[in-house]
Amino acid sequence: MKKIVVLGSINVDTILNIPRLPLPGETMAMGDQSTAGGGKGANQAIAAVRGGAETTFIAKVGQDHAADFMLETFKKDGLNMDHITVDSKAGTGKAYILLDKDGQNSILIYGGANQTITVDDVESARDSIANADCLVSEFETPLEATVRAFEIAKQNGVITILNPAPAKTDIPQKLLTLTDIIVPNETEAEAITGIKVVDKKSIINSAAKLNKMGVKRVIITIGSRGSLYYTDGKESFVDAYKVSAVDTTAAGDTFIGYLAAKLDSDLDNMVEAMKFASKASSIAVQVKGAQNSIPYVDDVKI
Ligand code: RIB
């Protein structure tokens, strides 16, 4: 069985259903609200374990009810929680998701315990990282911890996948050099490369620039238009499955977790793994909420 390690965030998501984003100074009535498990790291870890991989999650929670709620889900899913630690001062991470009637979202984050993950926490998980097939991380936890985890991974021949989200303009060159596969969406790709992604040509240009910046393999996800894989001057497009989306929250996380779970160690099956990830993601967008929308491998058929 494939072994995945995810280093990342845990958030309790409060989803606020609104007709559209409010204007500055506007007071607006909203529809119902609900709570669900979220956090980019947690979503990616759950997607990897539901995708069929043995998955270890390096993360931090507060000492509160939100932590109990989140850990219960992880336990049910069979995530390895040996490296989820507790910070006694900061609260468990939270996200407030404004979800409009077309299924598009805007997200506000309270980092809390996610921001207290240290290089020492990563060192404590050294053996798990070194023995994994693949390490996944994003930007909702401190950068120095991610850099250390990627260093350990590369010293041990472990594949590294970086999801540069939330968008960042100043990714250290060291981290890019340690990254085997970078998976931004079009907004994140634009933040890194400065190239506005509007059509096929600009997507390819953006991927080529990421390539030149030091990452050999680039996947740019472009929502309902699918995803692009770019390496060594060659591109392949994978179409998205046509579905009616009600909530795109965690669509990208589902894609990444499933991609990691399906990739062979020689990375030769990249396009096939992307198709699988895309199918999983197309299922996730048809259900409201983050973790509750991530499908199980038996329901993902291409
Ligand atoms: O990628 C979606 C996630 O982003 C949500 O679950 C929310 O918690 C934020 O971290």
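Each position is counted from 1, following the chain as shown.
Positions of Cβ are set from backbone N, Cα and C atoms, glycine also.
Sequence annotations record features per position, and here TrEMBL assigns domain 'Carbohydrate kinase PfkB' to 1-295.
Remark: K40 (substrate binding site) has G8, S9, E138, E140, N163, A165, D253 as non-local neighbours, by Cβ distance under 8 Å and separation of at least 6 in sequence. Feature annotation from TrEMBL assigns substrate binding site to N11, V12, D13, G39, K40, G41, A42, N43, E140, D253.
Residues or ranges marked as ATP binding site by TrEMBL: N185, T221, I222, G223, S224, R225, G226, G252, D253. The Cβ of I222 (ATP binding site) lies under 8 Å from the Cβ of N185, E186, V197, I203, L228, each of which sits 6+ residues away along the same chain.
Cβ contacts within 10 Å of G289 (K(+) binding site), excluding its own Cβ and spanning all protein chains shown: 21. The K(+) binding site feature in TrEMBL is assigned to D247, T249, A284, V287, G289, S293.
Feature annotation from TrEMBL assigns active site, proton acceptor to D253.
Compute the center of the Cβ atoms of D247, T249, A284, V287, G289, S293, which mark the site for K(+); besides them, the chain residues with Cβ within 8 Å of that center are A36, V246, T248, A250, A251, V285, Q286, K288, A290, N292, I294.
Cβ neighbour density within 10 Å is lowest for V287 among the binding-site residues A42, A284, V287. Under 6 Å, Cβ to nearest atom of ligand 1: this is the test, and of the binding-site residues N11, K40, I222, G226, S293 it is passed by N11, K40. Same-chain residues at least 6 positions away in sequence with a Cβ under 8 Å from that of D247 (K(+) binding site) are, in sequence order, I15, L99, G103, N105, V285, V287, K288, G289, S293.
In sequence order, the binding-site residues near A284 (K(+) binding site) (Cα within 10 Å of its Cα) amount to none of N11, A42, S224, G226. Ranking the binding-site residues N11, S224, T249, S293 by how many Cβ atoms sit within 10 Å of each one's Cβ puts N11 at the top. Residues near G226 (ATP binding site) in space but far in sequence (CB under 8 A, at least 6 apart, same chain), listed by position: F237, V238, D239, A240, S278.
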